[in-house]
Amino acid sequence: MHALGRTLALMLLIFITILVPESSCSVKGREEIPPDDSFPFSDDNIFPDGVGVTMEIEIITPVSVQIGIKAQLFCHPSPSKEATLRIWEITPRDWPSCRLPYRAELQQISKKICTERGTTRVPAHHQSSDLPIKSMALKHDGHYSCRIETTDGIFQERHSIQVPGENRTVVCEAIASKPAMQILWTPDEDCVTKSKSHNDTMIVRSKCHREKNNGHSVFCFISHLTDNWILSMEQNRGTTSILPSLLSILYVKLAVTVLIVGFAFFQKRNYFSSRDLVFMKERRSKRSVWQREALG
């Protein structure tokens, strides 16, 4: 019955919000890099074999762009007027890379070469080598490189775009009778768990910061002497409350407890009723014997 009392005292509150990692800065500078097979644009159909080229790379400090605004990424003119090919390489943080070739003879960005949907779309018959983004979203967070092939060499300009979103935090809180509950996370990242005592109850609160919002579920494991719980939450749904589910569990346990207590009460009542009945029969039997003895 003591364990049942602890179960009745159990209350769980769990909620989830979303957190995006802080912005970071890269170094600005220029350097020469020889051609490498591992470079994403070293395709034979774009750069013929045996051609010695010089790479000039300019790394731009990351730019923070708010969600929902319109953006335009510029591909600056090359030192030479003989720019025959320009290619945008888009590498979102949570998507595979995508290429957008700009053909000088066509004066428009050709059909994109992508391995996954969800990347930047270019309007049909776009007459500029600049890359427009109609409405910035979290999926546009990543690196954008404009690569130019000229008679003087190959030039590349890089943009690092950061799209801050809402806070991405997962919190699991449990309130129960002593001893304190144990809370574990999967996956376990940057988590801090604190507990405090209030009268005969213990409040345990665990908070985890997620560096990436990949949409995968986060599991909170809650362990107590009375029972164990496994709660699943999805990061990409924003604020989520599973209190109705927990209330359903508590209602079921309360109903079971009431049935057990009621059954025990009726059993005890039947026991005392039977004992009283036997006692009354014995008293009546003894009284009859006394009356017979008195008459005899």
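From the backbone N, Cα and C atoms, a Cβ is placed for every residue, glycine too.
Note that the coordinates shown come from a computational prediction; the quantities given were computed from them, not determined experimentally.
Listed in Swiss-Prot:
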DISULFID  CYS75-CYS146  disulfide bond
DISULFID  CYS172-CYS220  disulfide bond
DOMAIN    48-162  domain 'Ig-like V-type'
CARBOHYD  ASN167  N-linked glycosylation site
CARBOHYD  ASN199  N-linked glycosylation site
SIGNAL    1-25  signal peptide
TOPO_DOM  26-245  topological domain 'Extracellular'
TOPO_DOM  267-296  topological domain 'Cytoplasmic'
Practice prompt. Specify the nearest of the recorded positions CYS75, CYS146, ASN199 to CYS172 (disulfide bond), where nearness means the distance between Cα atoms.
Written response: ASN199
Discussion item. Fewest other C-beta atoms within 10 angstroms of its own C-beta: which of the disulfide-bonded residues CYS75, CYS172 fits that?
Written reply: CYS75
Worksheet entry | Spatial neighbour of CYS220 (disulfide bond) that is closest, considering only the recorded positions CYS75, CYS146, ASN199 and their CA atoms | ASN199
Practice prompt. Provide, as an integer number of angstrom, the distance between the C-alpha atoms of CYS75 (disulfide bond) and ASN199 (N-linked glycosylation site).
Written response: 66
Practice prompt. Would you mind listing, in sequence order, the residues at least six apart from ASN199 (N-linked glycosylation site) in the same chain with a Cβ closer than 8 Å to its Cβ?
Written response: none
Discussion item. Going by DSSP, is CYS75 (disulfide bond) sitting in a helix, a strand, or coil?
Written reply: coil
Worksheet item: Including all protein chains shown, what's the count of other C-beta atoms within 10 A of the C-beta of CYS220 (disulfide bond)?
Response: 24
Item to complete: Indicate whether ASN199 (N-linked glycosylation site) is helix, strand or coil by DSSP.
Response: coil
